[in-house]
Amino acid sequence: MSMEISSLTPGVLVDTPAARVAVQPAAGRLSLRARKAALPALGAALGVSLPTRIGQRAAGGGIEAICLGPDEWTILTPADAVAGLLAAGAGVDHPHSLVDISARELTLRIQGPRAADLLTLACPRDIDTIPVGEGRRTVFDGATVVLWRDGENSFRMDIWNSFAPHLARLMGIGARELAAEPA
Amino acid sequence: MLLIHCPYCDETLPEAEFTYAGEAHVIRPPDPSALSDDDWQGFLFIRSNTRGPHYERWRHFHGCGRFFNAVRDTVSDRFLTTYPAGQPRPALETLTAASEDRK
Amino acid sequence: MSQYRVPGRGRVDLSRPVDFTFDGRSYRGAQGDSVASALLANGVHLMGRSFKYHRPRGAIAAGSEEPNALIGTSRGAGRFEPNTRATMQEIWQGLETTSQNKFPSLKWDVGAVNDAAYMLFSAGFYYKTFMWPKSFWNKVYEPFIRAAAGLGTAPTEADPDQYASRYLHCDLLIVGAGPAGLAAARAAMAEGLRIVIVDENAEPGGSLLSEPQARIDGLPAWDWLDDELAALKAAGVRIMTRTTAIGYYHYNMLALCERVTDHLPSLPADTPRERMWRVRARQVVLAQGALEKPLVFHGNDRPGVMLAGAAQTYLNRYGVKVGNAPVVVTSHDSAWYAGFDLQEAGARVQAIVDTRPHVRDDLMDQARALGIPVRLSHTVTATSGRLRVSGVRVNPVSGAAVGAGQQITCDALLMSGGWTPSLHLFSHTQGKLAWDDDLTTFLPHETREACVIAGAGRGLWGIEAALTDGAARGREVAAALGHPGNPAAVSVENDRPGSGVSQKELPTDRNPGRAKAFVDYQNDVTAKDLRLAVREGMRSIEHVKRYTTNGMATDQGKMSNINGLNIAADALGRPAPQVGLTTFRPPYTPTTFGAFAGYQRGAHFEVTRKTPIDPWAEAHGAVFEPVGQWRRARYFPQPGEDMDTAVRRECRQTRESVGIFDASTLGKIEVVGPDAVTFMERMYTNPWAKLGVGRCRYGLLLGDDGYIRDDGVIGRMAEGRFHVTTTTGGAARVMNMMEDYLQTEWPDLDVWLTSTTEQWSTIALNGPNAAKLLAPLVEGVELTEDAFPHMACIECTVAGMPARLFRVSFTGEIGFEVNVPAPLGRKLWEILWDAGQQYGIVAYGTEAMHVLRAEKGYIIVGQDTDGTVTPYDAGMGWAVGKKKPDFVGKRGLARPDLAAKGRKQLVGLLTEDRSKLEEGAQIVFDPNQPIPMKMVGHVTSSYHSDAAGRPIALALVEGGHDRMGEVVHIPMPDRTIAAKITGTVFVDPENTRLKI
């Protein structure tokens, strides 16, 4: 991996016996903001039941939703479904905000026997307190990230584009460092 | 590094996820133009600088993004409680016992 | 094998010899040796020179508290480490070590003249000596002090090693893997509990490693230790060795520094040298044990004089006799055992000298049985020997009377003044200490942290006491964690509990004013210095500490604090608990900067944000500059161009034809909701209600104090949707401010904010040919003056990409900002670049952008404003919606001071001699006034301007708006420059160039 990367394209960043970190292909991503009263209508329009506890996730009809704040959700969807969802949201009568952020960030997939340990290099929160199947917005090496825990040692990390090279560099260092540790 | 309980996330998390946001319960007057210069100056600049339990604001910046209120003892640097923005000040008498509960 | 190695003793592996060098000479040690133990095994006691007097010194301890035996270690370029404690550095094949503080050699050191001039260098020497004449300070005194100061030599090469850091969360962290810590873990461990034990030594065991004679539950101590460690590991307890708990912070956060490779003969790939662990533990057990105190007497620093406990460790852990004819001098039972062990290992102990009149019968009996002469009620008044102790003078004491001295020949002197609980980490918690009269020491008392102390750390001596207390504390923390804990009953045979008395300096029959009785070895502080400090008026222990530097060396007073306190208290005539202890601060032991920096060095020093177009700029030779966290292209020099030439070319081509600029770093916020316009009305000074969809406006953001915070162009994309832009550096701050007002002042508003800074790549095109270049690529709008006038915005398609197109100008030329989804930014840039070749398109950087905007008088918030500038000060009263009932800053602008005359106001400056001013230069009205002159403002922006035909500047000047045409003066080091105050617009004041 070049130390001077300034943009990342989908593919494997680093692959060691400890952890494998890959940039995921681009996906559709929407930021939804609304009060609780609007949730049933918005859920129906978007086709996913929106979870209400921060960190909780829901999935259905090819899209995933995570609750990030008391009035905030991120919706993941195939890239070609974004326009349809925006249109569906526009039809909902309750006040809300639906903003396309597909181009704002990219996703790293972090897997391998030491994947959770790799996150401890720069995430000050206790990774063990994120249940499998949930997610959290938190901080990693100075950047705000959304961490999706898909398995004990399988994570996705959403990061804003401009922070990606910095974080990717640390992922590379860390995956190699963990692999070099004596058993 | 402090541990802070976010009342919205209901999790106790490292300080690195939070930013400090000044004294709490300083409410912007609904019609600032109606205020005298002295009153407006008081709102803008005068803060309590408390020794002991201090009502203050934090933001869960790298989390749910919400501003919330806290009572922190400025001598011991321990939080006595945190609560959502907009809620009234909790009475101090009710707090001292709860201070060490969150271990 | 050397005559000091004792076969059958110690844990080093004599079958695995290890060769290393010390001051160029080769020595052989064994696998498991420290540098100190290996040198002692070779009969070498002289390991360093002291800091101030350059006195010869040897290892006095065997652990991290060692103050004397500081060495340099080397493993190649950039890998030289000064001030390493020889007692902690493990040897490996090929390790090179050197002594410090000596010239030309350790044995013949010219600095040792300081020792002869001892009387001159007493406490406060620097304060008294370097006072006058004042003129000597810069040229004579400071260079002298600097040359003499500093411990060890810093390497000059860059450190080639990697350093690491990690967070660790656990239920229970136990500091110290001695008997108390291990017992605590055993008693607390339970399914699902995350327990971590940390120890600074190479192997766990603590005092058990020095006490193999003990039998625990019927097993020899070391066998019991092996079983115990295996059981803990099997239960999932994590044991971290070579890892020092350096600091204890709020809410049970501890910093641990792990030394990963310093003990390895070769460096493994991808492995950091050190790793900083930031641990958050729900419960903490401090089981750090106790530190032995030296006795304070004349000559107590001679090589060969060492702590009795250290001698015992060297013998039992490393298999090294520190001498063949040692003398023991003590005020505590524990040192007797060191004498017994050495005698049994073949040394001839010359005497055990105890200051106490009575000693336990069993100790007396054992000494007699081993044939060791004993002297009770004795003091030590001197030692002899040059580079190694060769004799000790002992005197009987009867009441206050010290009898005649008698010389005993020896080759080592083992001393013990009793033990001090290791209080450092506990003190980091702001924990309160309590004085214990029986032990004459401070013990940990109360702390706010979820922390308990076990074993010798709270004054309990002996293995059985440590195991029993450790288990009890383990169950206590288990209960706090909601577990019952595990029962434990241990039996210990051959335990060595003991007691003793605490001493100030030992009584002497000689003039105590001439005694070199050291309290702080590393800083060369003597008992006499402490008494002198009190005599000269120091009353607080904190002042005594600073005046004498007692406890201020890199060992942080581990050995000196209690002795220093006892002596200062005696001199003050007050009881020790009333005098109190100085504050212990992190780190517990010296820690490298690398460990603190971790990954944050070199290319990874800090977050560097880059735009999608950044790679193009890099490929086209851009010179970058940091702006906030971003790196931005500053200019694009062509071969042979300096910055000035490149910027002039970029400006000229933009004004003559067209320039392209990466504006992606501008902050962008999508404001959406039915109350969006209400929110905008309240946040910004400008009126928004009448701004039509498809139009944009320059917005000015104030704080409630009335001062400018940020600015940017804001487009209305739909009735309830605004595309807000902010300055590059202000994006996060503005978002935070808006969220604050929205969440806490106006939570009733139905409007939400989403950061879209990184959703969009923003490309600015400026220049007379900008519309011509762009028009063929745009679908959805005609780029004509009527269809798409200045300050219009639209969602359309550019080069087939979905885009938000703004017609705005930050140059005074026809201007567009094209926003496309970020990953498409580079592609669009290249399309525009190619299409622009026919117009001679130029890529310009932030420097040209600054010139072009300054020529038009457009401000940069944070450069032309400084947080005390109002819109009126900046000449932008036109942006203030005076009819609005309220907006953030409206009431602030009405404050008397903000409406007063004589405020600093933004103006243009043109120098009379056509020279370019320095940004930041101060301005005065009268250059002939006496110094200090009254400064009336400063230059905020200054550039060469080809478009204006001369250098131009912006400045904040007192009452500037009323001083048009007046001349002000800018005093510089070599001359004073006169400049005329003008308006801020230097080019095209009628804005004719904006028209297509």
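Note that the numbers count up from 1, one per residue, in the order the chain is shown.
Just so it is clear, glycine is given a Cβ too, placed from its N, Cα and C backbone atoms.
What TrEMBL records for this protein:
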type: DOMAIN; residues: C:171-436; note: domain 'FAD/NAD(P)-binding'
type: REGION; residues: C:483-512; note: region 'Disordered'
type: DOMAIN; residues: C:516-598; note: domain 'SoxA A3'
type: DOMAIN; residues: C:615-884; note: domain 'GCVT N-terminal'
type: DOMAIN; residues: C:904-988; note: domain 'Aminomethyltransferase C-terminal'
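Restricting the average to the domain 'SoxA A3' (C:516-598) gives a pLDDT of 93. Just going by CB pairs under 8 A, the stretch in C:171-436, C:516-598, C:904-988 that sits most against the domain 'GCVT N-terminal' (C:615-884) is C:904-988. Mapped onto DSSP helix, strand and coil, the domain 'Aminomethyltransferase C-terminal' (C:904-988) counts 3 helix, 41 strand, 41 coil. The residues of the region 'Disordered' (C:483-512), classed with DSSP into helix (H, G, I), strand (E, B) and coil, number 1 helix, 4 strand, 25 coil. The helix, strand and coil residue counts that DSSP assigns across the domain 'SoxA A3' (C:516-598) are 39 helix, 6 strand, 38 coil.
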